[in-house]
Amino acid sequence: MPSYEARANVHKSAFAARVLKLVAAKKTNLCASLDVTTTKELIELADKVGPYVCMIKTHIDIIDDFTYAGTVLPLKELALKHGFFLFEDRKFADIGNTVKHQYKNGVYRIAEWSDITNAHGVPGTGIIAGLRAGAEETVSEQKKEDVSDYENSQYKEFLVPSPNEKLARGLLMLAELSCKGSLATGEYSKQTIELARSDPEFVVGFIAQNRPKGDSEDWLILTPGVGLDDKGDALGQQYRTVEDVMSTGTDIIIVGRGLYGQNRDPIEEAKRYQKAGWEAYQKINC
């Protein structure tokens, strides 16, 4: 694969290009998955690992004390401070009109703050169209927003969409999962990739264990289930090593409990995974 920088310079998606540029600038292909249940835990962990990641993945609906002002706004401030994209792991799976409102409206208003989200392919192309509509409507409403908040961020060029960037959001399709017994394999994975081709501007890539072979599109591949120590858990999660997933075409490794579970030091572990991910990338691209 070409380098992150080379891909960013020619990428069809302005959003994907910004992600690749940030990865290259920070020298980190690590996404921290912060599956915690309180705002305090989420914000504290995000602040600790923020300098070492390109992205933070959330499950915002498991936050017991969620409020938009108390949870989302501090998280957005940390994204600007440390330079990372926000990825709400919502796994949308309904018809187009429903997912549009799940994405844009309700308590969480995901489209307002989450740079990237994901969806199952089961409902067909309607789910992509619905989420795109939610993104376009939200971004259109935000065009009038004051961007002065970004002025003091050294990561402004990566995090702030250009004026002509119509979507300013990205969607990942769930092509493969890391849990034991997953049905997202084989023909299902192939059909999901075909669905993504219906809108390569908005669908920027996949949650997958491998890069699609022989595909001419430059998809972003994000891989969960990455661990340097553990092999799995009692609930079916299976872990692969950093070098293993990078060798099969991953762009960004997703690590959760490996950073903060079992009384681990999240700062030291984030540094460790950042180093491992970047070294594995350099081995492939040197």
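Along the chain as shown, residues are numbered 1 onward.
Quick reminder: no glycine exception, Cβ is built from N, Cα and C everywhere.
Look at Swiss-Prot and you will find ASP35, 57-59, 89-98, TYR239, ARG257 tagged as substrate binding site. Mapped onto three states, the DSSP output places TYR239 (substrate binding site) in coil.
Other C-beta atoms found within 10 angstroms of the C-beta of LYS91 (substrate binding site) number 14, with every protein chain shown included. According to Swiss-Prot, the feature active site, proton donor maps to LYS91, an assignment based on sequence analysis.
Cβ packing within 10 Å was compared across the binding-site residues THR58, ASN97, and the lowest neighbour count falls to ASN97.
Take the CB of ASP89 (substrate binding site) and look out to 10 A: across all protein chains shown you find 22 other CB atoms.
Fewest Cβ neighbours within 10 Å among the binding-site residues ALA93, ILE95: that distinction goes to ILE95.
All protein chains included, TYR239 (substrate binding site) registers 20 other Cβ atoms within 10 Å of its own Cβ.
Counting only same-chain residues six or more apart in sequence, the Cβ atoms lying under 8 angstroms from the Cβ of ASP35 (substrate binding site) belong to HIS59, ILE62, GLY256, ARG257.
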